[in-house]
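According to Swiss-Prot:
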BINDING   Gly67, Trp69, Asp87, Asp103, Asp128  S-adenosyl-L-methionine binding site
ACT_SITE  Lys168  active site, proton acceptor
Amino acid sequence: MATRIENKKLSKSSSAWMKEHIDDHYVQKAQKDGYRARAAYKLLEINEKTNLIKKGMTVVDLGSAPGSWSQVAGQLVGEKGILIASDILPMDTLPDVTFIQGDFREPEVFDHIMAEVGDRQVDVVLSDMAPNTAGNSAIDQPRMMYLCELAVDFALATLPEGGALIMKVFQGEGTQELRKQMQADFSKIRSIKPGASRPRSKEMFWIAIK
C-alpha cells in the first residue's frame, strides 16, 4: 500500500512537470526549429546581447549533451569555424561538430580537445553544465559550484587574453566568492538571465572576458 501511495505522488509530480514541459513555448519552438532542447534559445539570446561568438571562431562546448548549444554555436561559427563538444555522456553527431566523449579533467581527454584545436586559439568556452539535482540546495549548490570551478579552470588553461567564457551558474551559496576569485583573472564579468530561463529557476549565465 505504501508503495502505491508513493508512486501516485510521483505520478502527480511527473504529470505536472510533463504538462508544463509540453505547454512550454520554448519547448514547442525548439521542436519546430529543429533544436534538441529549449536551452538553444538561451545561448542565442546571450549571443545577441554580447556578439561574442562569430564566424570563423574556435569554440569549445563543455557538458555539451544533448547538443542544443553545439547546434547554435556551430551555426554561429560557420563553415570556417571550429566547434568542439565534449561530455561524459554520449551525444548524437551534428554536422561540422567534433564530439569528444569523456571527462575533460582527464589529461588524455584534454589533450584530445587541444589536438582538435590545433594551431588555432580557443576564442570561446561554453558551459551549460549542471548536476543532476536532488531538490535540496544543500546538495545541489555545492555540486553546481564544483562544475563552475571546473569550467573556469578549463577556460583559464585555454583562453588567450580577450577570450570569453559563457557559463551557467546557480545563484546561491558560493557564487559571490567564485565571482570575486574570477575577477583576478578575468577583466570583465557580466550576468544575463535569458528569457528562455524559467522564472523560478536559480540559473544565471556569466559572461567572463579574460
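Cβ coordinates come from backbone N, Cα and C, glycine included.
Annotated features, which come from Swiss-Prot, shown on the structure.
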residue : record                               : contacts (Cβ under 8 Å, 6+ apart)
Gly67   : S-adenosyl-L-methionine binding site : Arg36, Ala37, Ala85, Met91, Asp92, Leu94, Val97
Trp69   : S-adenosyl-L-methionine binding site : Ala39, Ala40, Leu43, Asp61, Leu126, Asp128
Asp87   : S-adenosyl-L-methionine binding site : Leu62, Gly63, Ser64, Ala65, Phe99, Gln101
Asp103  : S-adenosyl-L-methionine binding site : Ile88, Val109
Lys168  : active site, proton acceptor         : Ser127, Asp128, Met129, Ala130, Cys148, Glu203, Met204, Phe205
Query: If you count Cβ atoms within 10 Å of the Cβ of Asp128 (S-adenosyl-L-methionine binding site), leaving out that atom itself, what do you get?
result: 22
